[in-house]
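**Student:** Let me begin by handing over the structure; questions about it come next.
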Amino acid sequence: MAFQGKKLINNPDDVVTEFIEGLVETYPGLQYLDGFPEVKVVIRADASGATYDKVAVISGGGSGHEPAHAGFVGEGMLTASICGDVFASPSVDSILAGIRAVTGPMGCLLIVMNYTGDRLNFGLAAEQARSEGYKIETVIVGDDCALPPLLGIAGRRGLAGTIFVNKIAGAAAAAGLSLADVAAEAKRASQMVGTMGVALSVCTLPGQVTSDRLGPGKMELGLGIHGEPGAAVADLQSVDVVVSHVLKQILSSETNYVPITRGNRVVLMINGLGATPVMELMIAAGKTVPKLQLEFGLAVERVYTGSFMTSLDMAGFSISIMKADQTLLQRLDAPTKAPHWPVGSAGNRPPAKIPVPLPPSRSTKSEESLSRPLQLSEQGRILEAAIEAAVNAVIVMRDSLNDWDSKVGDGDCGSTMYSGATAILDDMKKYYPLNDAAETVNEIGSSVRRAMGGTSGVLYNIFSKAAYARLKANSDSTVTAKQWAEAFEAAIDAVSKYGGASAGYRTLLDALIPALSVLKERLTAGDDSSTAFVLSSEAALAGAESTKDMQAQAGRSSYVSAAILATVPDPGAMAAAAWYRAAALAVKAKYEKASS
């Protein structure tokens, strides 16, 4: 079902002019021509046609692909960018205005993406400018590798590879080359680059409904940057599979779209299409580089990852590969003030990046001291059963915890707890010194610190370390129920001290504090330890459930309205109650088995 797209805009007809106004307010080196709304041209603030002594480099096209092309205006790259309406070629008058504004005696190079409207309007503007006495050259960029070689005059579409051409031409112009030489370098670069994209969604134009053409679980290969259909619709695949397919298409010897063969040097661009998180783009980059090196035998000299030529809010990415030589690399590395060129990517990259070894901890114990005992004592068997039951309880709750947390937090409580629980389970089987309760609790903290992120990981590490310190103060090898209660209390006090929460704040402490109270009460009353433990776990469950009635005063939940909080318990409290309850029942079962 199609629905109205959500946009943070005013009048849909004004999005391009308002974008330009915001752009030049953000970057002092940019300015625009006073011709709104018909003329929408971004220029270098320091470039005037009357005095400009370098070749002017101009590109542009329909808007909606930001930061292309206006974000690449700046010394060392574009001199001006001509902006059309969203996905519409700029008018001849706009292009002419841009040429007149920045072109001096050295002339002007127009870099045009291969779309019919752009070719016609830039072509007509070029002819008009020549008739006015300007020296003009034009380079058409068509780097699309998604579709089979086309018959007729349409040719390959211009895509993100155009950004490489813009940078190379801009650097050549900044170096003082003639118009003919700048055009020659740009044309050569355009013939060396190939691009293909994959989309998880189509884009939504301002003021229009969102298309449902791509259904759930589908992706489109070779989708155009204006939302036009691509080569094929397929089931969603992992990024490894997608990257492999795209690289084979770009580097196919059958189509021979790019003159790249084994042993060549190349540069790589991973380009986000507008709604793809940087995390996913970096994952794609990390998978693409070794494939190019190992499967295609290419030397990857530079990697550019980010959003360079988007399609509004389209989810997906494109890959561009360009054959490189030393001159081309020098042009790409040349300094520029264009605000959206990734300056951090310049410079030689090593053939392979080897991770820096972790520095050793001064307090790291030897492997022998952390080995699992060959034979467990009675206390060791009980401790093992309790730990195993506790972490398994957390593991099975992952989805429920994430669901609750998605309503009152950031949606990752279950995943975070799962990471810690699985790490504890794995480490316990390898090297926990289970016959030594204090050291085992300390190692639980180490496992948590290594595997659990976020606030929960820190709090549980503090919890474990405080309990360890209390247990370590006891000289006896066997830990009594009273000593466990004292360690539990020390752990809770430490979490409260460093986390800032206490009872009633809607945190894990709302499960653990009631449990501690009942545990101490029942032990004082003379109950056997396992019974006291189980009774206290019931208090933990009741305390966790009661968090529905609390207004959060800590963590991300403190920003959530009371109406939403009342619908779910605190996920952290529920997780704490679950592992505490499971451990208590496991201990009781062990004691009952031993006495039977």
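Positions of Cβ are set from backbone N, Cα and C atoms, glycine also.
Predicted automatically and left uncurated, TrEMBL annotations should be read as such.
Got these off TrEMBL a minute ago, pasting:
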type	residues	note
ACT_SITE	His226	active site, tele-hemiaminal-histidine intermediate
BINDING	Gly62, Ser63, Gly64, His65, Asp118	substrate binding site
DOMAIN	11-341	domain 'DhaK'
DOMAIN	381-585	domain 'DhaL'
REGION	339-374	region 'Disordered'
**Student:** Do any residues at least six apart in sequence from His65 (substrate binding site), in the same chain, have a Cβ closer than 8 Å to its Cβ, and if so which, in order?
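**Tutor:** Residues satisfying the criterion: Ile225, Met309, Thr310, Ser311.
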**Student:** What other residues of the same chain, not counting Gly62, Ser63, Gly64, His65, Asp118, have a CB atom within 8 A of the CB centroid of the substrate site?
**Tutor:** Gly61, Ala68, Cys83, Gly84, Val86, Phe87, Ala88, Ser89, His226
**Student:** When you measure from the Cβ of Gly64 (substrate binding site), how many other Cβ atoms are you left with inside 10 Å?
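**Tutor:** Around the Cβ of Gly64 (substrate binding site), 27 other Cβ atoms lie within 10 Å.
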**Student:** What's the CA to CA span in angstrom from the residue listed as 'active site, tele-hemiaminal-histidine intermediate' over to Gly64 (substrate binding site)?
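**Tutor:** If we compare the Cα positions of the residue listed as 'active site, tele-hemiaminal-histidine intermediate' and Gly64 (substrate binding site), the gap is 8 Å.
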**Student:** Along the domain 'DhaL' (381-585), what average pLDDT does this model show?
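**Tutor:** Reported value for the domain 'DhaL' (381-585) is a mean pLDDT of 88.
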**Student:** Which number gives the other C-beta atoms within 10 angstroms of the C-beta of Gly62 (substrate binding site), all protein chains shown included?
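**Tutor:** For Gly62 (substrate binding site), the 10 Å Cβ neighbour count is 20.
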**Student:** Long-range neighbours only, meaning 6 or more apart in sequence with Cβ under 8 Å: which ones does Ser63 (substrate binding site) have?
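**Tutor:** Non-local contacts for Ser63 (substrate binding site): Val15, Val16, Phe19, Lys40, Cys83, Gly84, Asp85, Val86, Phe87, Ala88.
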**Student:** Let me spell it out: for each of the recorded positions (Asp118, His226), count the other Cβ atoms within 10 Å of that residue's Cβ, using every protein chain shown. Which one has the most?
**Tutor:** Asp118
